[in-house]
Every structure is written in C-alpha cells, then in structure tokens.
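> Feature list, courtesy of TrEMBL:
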| type | residues | note |
| --- | --- | --- |
| COMPBIAS | 134-143 | compositional bias 'Basic and acidic residues' |
| COMPBIAS | 151-201 | compositional bias 'Basic and acidic residues' |
| COMPBIAS | 279-297 | compositional bias 'Basic and acidic residues' |
| COMPBIAS | 300-310 | compositional bias 'Basic residues' |
| COMPBIAS | 311-324 | compositional bias 'Basic and acidic residues' |
| COMPBIAS | 332-357 | compositional bias 'Basic and acidic residues' |
| DOMAIN | 14-72 | domain 'Ribosomal RNA-processing protein 14 N-terminal' |
| REGION | 48-73 | region 'Disordered' |
| REGION | 85-111 | region 'Disordered' |
| REGION | 129-247 | region 'Disordered' |
| REGION | 279-372 | region 'Disordered' |
Amino acid sequence: MTTASQPLPDISESLERHNAAFTTLLSLIPAQYYIAVDPEVADNKWMKNKKRKTGEEIKENKKKIKQTKLDPSKNLTTAELLAQNNSGEKLLEESSDAIAGPSTTLTPLPPTASISELRAKLQQRLQTFRSRRGAGDGEETHDGASVSSRDALEEERRRKRGEMRDRRRNERKEERRKEREGKAEKKEKKAAQQGPDDVRAKTAKTQLIVPQLKNTNNDEDISFPAISLPSKQSDKSGTHLKRISNPSQALAHLEKHKAKLAAMPEDKRAEIEEKERWAKAEERAKGGKVADQEKVLKNAVKRKEKTKAKSSKEWAERKRELEKSNAISIKKRNDNIAKRAEDRRNKRQGGGKDKGKGKGSKKGRPGFEGKK
C-alpha cells in the first residue's frame, strides 16, 4: 500500500529534470515578452491627452532606467519573476483569509425567476413607458372606450386633427362674415349721413384732411379768376407745347417763337404769354420738361457739339489706325510674295549649276561598299 501511494523515484527525478529544463528555457525568454504588462501602463503609453513630461523629468527617467539595467538585483529572469509573483499572491491570500476570519458566511444567490414572471415584468415595464408618453390607457375614443391597439390610436388622433381643422375653418369663416357685415354697416351709416345729392354724385377717390362743411350761403356761382385755368376748347392760338428732344432744334424754335411774339400787339402777346405760362405749369406738374430757357438750351447745344466733335475725332483716329494697319498687312503680304518668288528663282538657277558640275564625278555611298 505504501509503495502504491508514493511515486517511484525515477519518475520524480524525470519530472524534476523536465521542470528544470523548462525553467531554463523560460529564463531565456525576456520578462517583458512573457509577463503581461499592467493594463494601466499599456494604456498610458498611447494616451494622447496625458500631461507631457518636462526635459528634466525625461532625463531623470532615463537615468533610473539605466541604473535598473545595471542593477543585478533588478535584472531577474522570467522564472524568478513568476516565483516572486506567486509568493506575493500567496501572501495576499493569507492576509485576506486572516482579515476575513471564521465569521465570513456565504449567502446563496436568490432563485432565478421563471419565464412567465419575466414576461409579466416586461409587459409591466412597457405599460409604464406607454403611460408616461401618453400612449397608454389615458386616451379614449369619442364613444368613451379606451384605445388599445396602435391602429386605433392613430385613427383616433387623425379624427381629432380633422375636428380641429373643421373648427378652425368655421371660426375663420365666421370672422370673415362678421368683417363683411361690419363693412356693410359702416357704408350704410355713411350713406345715411350724406344727403341725397351726395349719394347720386360720384364719390372722389381721395378724401380731404379737413372735414367738408355744408355751404350755407346762397352765392354758389362764385368764380376765382386768379386760379381759373384757360379753357382748352377756346385755345386756338397754338399754346400747345411742342416736345423737341434735339436742343438745337428747340433753340431755333424758341427764337422763332420769341420773334413771332415780339411782332404781335401788346394785349394779344400778354394773353398768349399767360396761356403759355399755364400750359408750362401743367406740363411741369405732369412731370414733363419745358425747354423755355434760352441759356440752358445754348449750353445743351454746346455740350452736344463738343460730344459730336469728340466722337468724330475718335472715329477719324480709328479710321486712320485701320488704314495704317491695312497698309502694313498689305506691305507684309507683298514682301512675302516677292521673297517666295525670289527663292524659287534662286532655287532653279542653283539646281542647274549643281547638275552640270556633278556629271564628271560620282559620289560613293557610305560604308565599305565599292572600295578597292
């Protein structure tokens, strides 16, 4: 029995040899490639927003790394590091066991709920969410029944929107009807305030700022000769203003008209001048221009003559430049034609001489062909 429970000595020695061989191979692997790096250190390497070290801190860090490389107590093999880590973990477990003591008790987990209970909880949560967003049992149809399905809910909302549209349309129609009735009442009141003559007369578009008072005087046939305009029917003396756009023609017409007025009698000239004054005022009131100032017309004629002289000068200059460019192009063309003719003549003469000279001697072709 004792021999069966204990391993044989040769098996234990073989295991120890294998363990030593694996430990030797493990010690050849650098610790940085075998032992996992701390996740915080690995993440810190790729952190972009971490605080950068200063030059002094980098120098101190390099010096410490160099010292640790040269320190034999720090340069442990992989097997030694693993043994050190295992011993540290054992110490931690022992310390935690000592702190926990015999008073620690294990509490069992609560039993898992069945599928039916989980479904009931899910339905309850969904019902709570629906009631929070107003899509649960809170909505009722126009008959008073609660809405349960989604289609019925959408139909009920569509019906409510339609009722709201109809109500707003009816309100707008009622407002427009009241507005029309109010305008009609105002017109009736205004017509009642006015007399029968004012109703028959055509109302003016523009209204006076000052209210119109009723005429209590019997003198209705009052004339104001200072502002009465001359009748257009009796205007046969040629007071119609001619619109002439050409300033030189307008100046000639004005001079001719002045000479004609100077030859007329005094009373007739005064009458025509008065009519012309009213005609000019009407034209200016309409926004038209009246060419009745001799000085302005003379200045306009001078400006027009200067513009014409300038444009004629520019046209003459342009014409001269065109003639010059045409002459240059014609001369160039003639020179080119003469040069080509001369080149053809020289070619014919030079070609005849070369043929006469080349009859005696024959040029050999390049290479070794024909050499003796």
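Yeah, the Cβs are placed from backbone N, Cα and C, and that goes for glycine too.
Keep in mind that TrEMBL annotations are predicted by a computer and have not been checked by a curator.
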> Take the compositional bias 'Basic and acidic residues' (151-201) and count its residues per DSSP category (helix H/G/I, strand E/B, coil), listing them in that order.
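For the compositional bias 'Basic and acidic residues' (151-201), the helix, strand and coil counts are 48 helix, 0 strand, 3 coil.
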> Write out how many residues of the compositional bias 'Basic residues' (300-310) are helix, how many strand and how many coil, based on DSSP.
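Residue counts for the compositional bias 'Basic residues' (300-310) by secondary structure: 11 helix, 0 strand, 0 coil.
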> What are the DSSP helix/strand/coil residue counts across the compositional bias 'Basic and acidic residues' (279-297)?
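Across the compositional bias 'Basic and acidic residues' (279-297), the residues distribute as 11 helix, 0 strand, 8 coil.
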> What is the three-state DSSP composition of the region 'Disordered' (48-73), stated as helix, strand and coil residue counts?
16 helix, 0 strand, 10 coil
